[in-house]
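Listed in Swiss-Prot:
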type	residues	note
REGION	1-111	region 'Disordered'
COMPBIAS	1-11	compositional bias 'Polar residues'
COMPBIAS	12-27	compositional bias 'Basic and acidic residues'
COMPBIAS	35-54	compositional bias 'Basic and acidic residues'
COMPBIAS	57-70	compositional bias 'Acidic residues'
DOMAIN	116-249	domain 'PX'
COILED	300-329	coiled coil
COILED	494-529	coiled coil
Amino acid sequence: MSSDDQFTSIQWDRDELGPNKETKVNKQETITEDDEHHNNDNEDKDNDTTKSNEPENIQEDDETKDDNEPTDSLILSKTGDENISNIESQNEGDHIVGEPDVNQEPSSDSQTEAYEINVVVTSPLRDLDSSSKPYISYLLTTATNHPSVMKLSTVKKEQGKEVVEITARRRYGDFRFLFDCLSNDHPEVMMPPLPSKSNFKYLTGDTFSTEFVHKRLHSLDRFVRFITCHKVLSQSSIFHLFVSDSADWSTFQKNLKISKVGVQESDADKGNSSMTSNVVNKVVNEDLLTETIMNFLTPSKHKRETNKEILEISDKLKKLYENLIKLDKIFTKLNKKNHDLSVDYEQFSQQIMKLSVIQNSSDETNEPTTPEINEQKQFATNFKVFASSLSYFSDNWSNLHKYIDESFLVSLKDCAKYIISLTNLIELQHNKKIDLQVLQDYLNKAKSELQGLGGSHNAPPNPIITHNNGGIVNNTTQLIRDTLSTSATPNIGSSVTESKVTKLQNRITELENEISVQSQLVLDLTNKIINEEYPNWDKFNKIELKESLLGLCNEEISFYKGLVDNWSDIELKLLKRLDELK
């Protein structure tokens with residue numbers, strides 16, 4: 001059967017299906033859009049099946065009709081002839097399977113609006129594991145009405161209450177495992193950064209210090225709150241298991257091994273070592289390794305970003321990041337001065353207390369009279385009152401320094417890290433766009449080469465036969481010479497040319513298919529950044545900065561208000577003493 005007959009039979013099958021097929025395809029598209037965050041595995045399987053069944057070349061009227069279908073950019077697999085013969089039966093099977101899923105599961109947006117998950121990380125506690133090694137665990141308190149979390153939890157819903165409060169303890173390794181799982185499942189989503197592991201702390205023994213633990217506590221709490229505010233990450237099943245108090249979390253963590261690229265893991269069953277890799281991790285690591293080199297080798301015309309919205313977002317992120325870094329430097333210097341002042345006032349208070357002790361000791365040795373004793377006791381009391389006020393002043397400076405160092409500065413650093421995370425996602429989109437432009441250049445080059453080879457495929461010229469050349473033998477000889485000299489026919493002396501043309505045609509087909517796939521990926525990623533990831537980050541960042549600044553203002557107000565009240569009381573006592581001396 002020729003290719004024309006194959007595509008004609010496909011056209012007849014589509015004509016027989018008529019509008020019913022279009023309705024079914026539209027239903028399947030709705031399912032795909034609604035369940036894109038919950039049924040990723042099923043979508044990949046359906047897309048692969050559809051890709052293997054869709055013909056490579058479609059008539060013009062079919063292209064117009066398929067613009068609204070979800071398979072508009074699908075390509076023909078290598079076994080296209082076999083799949084084309086079964087396209088009708090497979091498509092019908094796909095639609096029959098897809099139709100019952102219409103009302104099974106609501107979309108992630110509707111679940112985000114209907115249900116809420118509020119998680120707070122508090123109460124760090126030092127504990128020992130099975131091997132008697134110390135670690136810090138953090139208390140997760142979850143208030144939610146989400147059915148998935150309630151189903152996994154052992155806490156039962158009370159009558160008259162819509163929200164269930166669930167508590168569970170997690171250590172830093174659990175947060176790291178959650179981060180790795182979400183990164184692998186959603187590589188196109190902005191992932192909130194975790195606090196650094198700070199391996200050097202293990203060398204100095206400061207991993208269990210109050211300062212280090214509180215800083216990590218605030219960062220982990222911010223990490224979880226970002227996930228709860230995200231429409232995709234908050235609906236992830238692994239996150240629901242993480243916040244629940246189910247005993248399956250430890251089992252799931254032990255059994256699921258997230259492989260890393262370039263790391264050898266021993267296979268106990270086979271008795272040898274094998275290189276394990278994950279597709280997403282492999283792609284990300286390869287991008288990180290080759291990004292600098294490829295960008296250096298790529299022509300400068302491909303490095304320019306043309307999307308105005310992406311440019312505006314990048315410019316805003318850059319300016320905000322620079323401002324946050326400046327604020328961090330300013331408050332770090334200011335906080336260091338606060339710490340120095342607290343130490344100075346503490347030393348000043350100790351010296352005043354020593355003066356009161358010296359005054360009492362000198363009075364006891366001189367044996368003064370009764371009026372003198374009362375006056376000297378009042379002097380010692382005044383020294384103690386002034387020393388206590390200085391000590392109160394020092395404690396307030398110390399508390400303010402502690403809040404700025406463990407909470408406010410950590411929030412500024414975390415906001416800067418979140419900007420870097422979103423910038424990395426934009427950089428990934430830009431690199432994908434560069435790859436697409438390079439593929440387009442390769443396609444244009446291949447087409448020009450094919451056109452150059454195809455230009456020689458012309459009919460042989462008609463030989464000129466005259467009667468002056470000496471008869472029919474000479475004319476026949478001249479005809480053969482002219483025919484052999486042209487070498488323009490596709491059947492004589494053109495096997496090498498045919499091989500080149502075939503290779504170029506196959507290369508062009510592969511490039512066109514890859515460009516169609518990459519174009520859709522770049523378009524989806526760009527729309528996701530502009531319409532979802534950036535607005536979600538912007539909302540979260542505004543809330544975090546507002547809460548941080550409000551917390552700093554409250555601490556400053558309480559600090560100065562306490563100083564005013566304390567020094568006002570001290571001032572009244574000292575003025576009263578001056579009046580008595582007069």
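Every residue, even glycine, has its Cβ placed from backbone N, Cα and C.
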Hey, which bits of the same chain come close to the coiled coil (494-529), Cβ under 8 Å, at least six residues off its ends?
56, 73, 75, 188-189, 307, 310, 313, 425-426, 428-429, 432-433, 435-436, 439-440, 442-443, 446-447, 449-450, 453-454, 456, 487
Helix, strand and coil residues within the domain 'PX' (116-249) as assigned by DSSP:
57 helix, 31 strand, 46 coil
On the 0 to 100 pLDDT scale, where does the coiled coil (300-329) sit on average?
87
